[in-house]
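K.L.:
Below is a structure I'd like to ask you about.
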Amino acid sequence: MRPDGRNRQPKFSQIFFGPPPWPDITRFPEQDMYVLRDQFEALRAIQERAKFGEGIKIAVLDGNFDPDNPSLAGQKIDPVDGPDHTLHGTAVTSIILGKKSGIAPNASGIQIPVFREDAAGNLQGCSQLTLAQAIHAACAENAQIINISGANLSNTGHPTDELRDAVERCAENNIQIVAAVGNDGLSTDTVPASLSSVLAIGAHDIEGQPATFNNTGPRLIRKMLLGPGVDIRVQAEGGTAKISGSSFAAPMVSGLCALVRQSCPDIQQAELEALFSNSCVPCQLSHSGDDKPTAFRRLDLVLLHENLRPIWAEQVALQKNVLERIDLMSEIDTSVDAIAPEATSVEPAGLPEVIVPAAECTDVAPAQTQQPAAEFNASPAAPRTHAQIRDSAPENFVHAQPNTVRPQHAGSNIMADKKVFAIGTIGYDFTNETNRDYFQQAMHSLGEQHPHLKPMIPENEIAMARFLTFRDADGSTPFLDSATALEWTLKIDGIPIYVIRPQNQFAVQQFGRMIEFLINQTGLNLSKVATPETKTADLMAEQCDQDQKPSEDKIDRVSIAGNIVGETRLYNGHTVAVVSPILRGMFSWTPHELAKAVLKPSAKQEEIDRLRNFLERIYYELRNRGAEPQHRAMNFAATNAHVAGEIFQDAFNKKLELNAMNVQRSPVSRPGTDCWDIICEFFNPFKRDEEARMIYRYTVDVTGLMPVTFGPLRSWRAY
């Protein structure tokens, strides 16, 4: 306490974080780092108890690191080839895993590059989509802690669906994400830091006061924890550098999470988050003169150590109890003669064959987003700017020129071999105002030459289809290649989820098929739309009638199979993945045609209506993006007319209704395949308490780009 009775604000001091032997600080000042003075002993006690993080795997989603950096050379970090190392990535990694400077130097690391530096040394951010894919890659590598020293400004605090799903996957699998709040100094939320189950980390200075550059949105202010993040000294460019930012407070907390996870192996993600939240003390603004507590909370390692001690004591007691039981069992005669004197000897079964799974390789595709500079003072090298990490929210890029997708060929490739089998409707996007102006002018000019084609509105699907399929007197289609100037999209409930970009030798047929899908979605006859003499106004009127009375020619859904090759930004500013499709996976269907394929030719309208209701329920209840293996299997099952027809016909004859449709990993698969079981459960609505449920089960192999079924359809009764 100070003489006036107020709490003394702790100071920073120098300490080595790594395991002993520790060098003399006065002899090696270039290797020190900063922590609050009263935190020394608590940090060291936690480190020693946790064996400096031994056995814990930490994923660092950042720029690539310098493997020749003295603090990182020889550490247990998966090597990464491809993008050049960044000062930011090296600094963040060394704070977590550095030999003498790391919080958890004995832990193992996974480096997944999502950021890169341009020629001027400015750090380039990534999109939420790329970040989500990196999180999935970290989960696949069995990471227990994920550090994200980056932030995406968001007016709402809501992420994209892909990022939300990735964060939820981590929470479900007991993986802790630690994310920086960002360094813009704005009262705005950022993602992923503001998301539930993510530890949001800001920076405090040498006085323990909140750094002025922290973002403080309404969601962040309620959950943000502060860690040392001002004038942190690290080794860089052959010398040392003082760096500041929430980006460097986050890895300190990630290292602490690894220590807690190692010393408390049974702790769950929610418990870990609560432990850190309960190990904070309120910051006091001493410069205001009254030291009033603020909403900011600083992580206190002394309090963290005190909160950990009861957990450790419980573990010791449990271990002691187990050892006593083992000692007791050792006193019991368990020999064969004691149990069954006349029993014959039994030969033990052979040991099972150990199967080592092959590591998967994925790719990174960061967006090219210019970043403002933040402080990074290096010595003895000349001072240089270092970019703060931010990936601006989509609303900040409305109508902006989309950036070129440039996947980085790294050892952990997030994008490579990401297969998709999705169901939706076809649309198109102009991507920017310049492109839209091109279509506006070209279509207007065509309409002036051929008045019966008016009105030629670029946003109208019929007008666009007539423009693309227009034939001259000689039979040529001069505007067909304009289809490549559009970004064709796959939508779910009107929301674009993918851009469909044909890139192989069948691109012409693929563009033609998407134009056909676009026309068939209107319910109009393809030949009528392509007939030059037909008036566009009449077709639009007919489409309005089709909306009132469904046509047998109007397709309900299309399916797209392919693989993700990058990402792009649409006209509305949203970033979506780009899919390179395969022709054999591009299908469309109408209720009438599907009924003819599934049911008998003599099927009554009642049967057709029930089949349509059956499919509609599947499409709407099981909506997904078709990027995960189980989702690809489910979507393929919903489009497989042969199997669906067999199930529906049997269920219809038994007067059954669909109760649930689930997907489970198949317990038995062919070697080298990825197989999932589709389980359909039906019930009799008139005899719910008297008749057992009917279960149908079959297997889908999603190893290739185009899923396939194999094995027979199984069915049985179950209560």
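Keep in mind that glycine also has a Cβ here, set from the backbone N, Cα and C atoms.
From TrEMBL, here are the annotated features:
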- Asp62: active site, charge relay system (ACT_SITE)
- His88: active site, charge relay system (ACT_SITE)
- Ser247: active site, charge relay system (ACT_SITE)
- 53-280: domain 'Peptidase S8/S53' (DOMAIN)
- 419-566: domain 'PatG' (DOMAIN)
- 608-716: domain 'PatG C-terminal' (DOMAIN)
K.L.:
Cα-Cα, whole number of Å: His88 (active site, charge relay system) versus Asp62 (active site, charge relay system)?
P.N.:
8
K.L.:
Among the active-site residues Asp62, Ser247, which residue has the largest number of other Cβ atoms within 10 Å of its own Cβ?
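P.N.:
Per the Cβ count within 10 Å, the most buried is Ser247.
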K.L.:
To the nearest whole angstrom, what is the C-alpha distance linking Ser247 (active site, charge relay system) and Asp62 (active site, charge relay system)?
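P.N.:
About 10 Å separates the two Cα atoms.
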K.L.:
DSSP three-state call for Ser247 (active site, charge relay system): helix, strand or coil?
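P.N.:
In three-state terms, Ser247 (active site, charge relay system) counts as helix.
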K.L.:
Would you report the average pLDDT that the model assigns to the domain 'PatG C-terminal' (608-716)?
P.N.:
87
K.L.:
Need the DSSP three-state call for Asp62 (active site, charge relay system) to compare against my parser.
P.N.:
strand
K.L.:
Ten-angstrom check, please: count other Cβ atoms within 10 Å of the Cβ of His88 (active site, charge relay system), all chains counted.
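P.N.:
Step by step: centre on the Cβ of His88 (active site, charge relay system), count other Cβ atoms within 10 Å, giving 29.
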K.L.:
Per DSSP, what is the residue count of the domain 'PatG' (419-566) in each of helix, strand and coil?
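P.N.:
Summed over the domain 'PatG' (419-566), the classes give 67 helix, 33 strand, 48 coil.
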